[in-house]
């Protein structure tokens, strides 16, 4: 532009400066938009924030054992085992509680950034294998929020969701489903029973954006319904007026004695009478023995206490009920399914009976993926667990029979039954009811 007049050169330079300024401002806006979108993808979407843990070798590098109850000597030790029955000695290994009457706490990070299930299905699934028979112990799982100190996870640590079995005696045998909503832990109104045997069982919780839920055990639906119906997310729209009081002249006695009825003149009220068959002894001396009095006996004519007949109270106003008023705590929420700020998964348990194996944790938004994971396990390890248990029981039966024969002076060898021409029908279908 040096060949142009000076005033033209100045105008072109000014134009270029303004153009560069506009371009620079647009770059900053693009960068800011990208950052905001990036944050939204991290905080708001469950997509990509899935978590899967089958506890292969090296699992302990991803899990943090809490210091909870260690100072008191009440913290139990976690182990790595497949339990008493299993399909694959390596693949079926999971977390196991190893000491009776101990507290247990352990957790792992789900994702580097906190996430939410807003706008997506949330599926929480894992497997539990109890010892031979669990008399008292929890094996539920919790989703913890960001900011959780993993080294101090305890029973008092705030959580988003608590889900899974809890057993204690004959009174408690339920599958917990608890949601934290506005700082309050909401328990499910009705119970879903859990399994209590030595076999692996998968527990699945599905929470949907339409505010519905499903709980499955071993891919069998136990309950599906509305979050509004089973939890008190939304307070009642109206409540009884807490300031109202029953009027002092309110008559709430429904029945009264008939004021016009009187006791009949011939009504016998005497319970005891002189024994009519008693006679004064011949040797009775009034001066020495006093006046002779006949002994008392039950009156055969006694009719009991007379009571007037009950009639309707003409002044009865009915049961007093406080008038209803608008509930100041009522706030409608059409997104009660949403759980924000989730980042950790873990367990904090009290177990009287140890030996619980926890495995196959999956947190995702893919319902089909969770379903297929259970189906795959059912077709392989479930049958193997059943066979191992049957073989163990048969070996015990044979041993007991040998001991019995020895005590009776018989040969310890058990006679082999004669072969049968009948074909053996091996039941190899996937019948979940057999467990």
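Every residue gets a Cβ built from N, Cα and C, even glycine.
Heads up, TrEMBL stuff is auto-annotated, nobody curated it.
Segment annotation: TrEMBL labels transmembrane segment over residues 28-47 (candidates 8-27, 28-47). Alpha-D-glucoside is bound by 140, 142, 159, 348 in TrEMBL, and the record lists one more residue there from 166, 359, which is 166. Of all ranges given (182-236, 237-291), TrEMBL attaches the label region 'Disordered' to 237-291. DSSP states for the region 'Disordered' (237-291), grouped as helix (H, G, I), strand (E, B) and coil, give 4 helix, 9 strand, 42 coil. Cβ neighbour density within 10 Å is lowest for 166 among the binding-site residues 166, 348. Applying an 8 A CB threshold to same-chain residues 6+ apart, the list for residue 140 (alpha-D-glucoside binding site) reads 162, 163, 164, 165, 166, 176, 347, 349. Across 140, 142, 159, 166, 348, which the record gives as binding alpha-D-glucoside, the greatest C-alpha separation is 17 Å. The Cβ centroid of 140, 142, 159, 166, 348 marks the alpha-D-glucoside site; residues of that chain outside this set whose Cβ lies within 8 Å of it are 138, 141, 162, 163, 164, 176, 178, 347, 349, given in sequence order.
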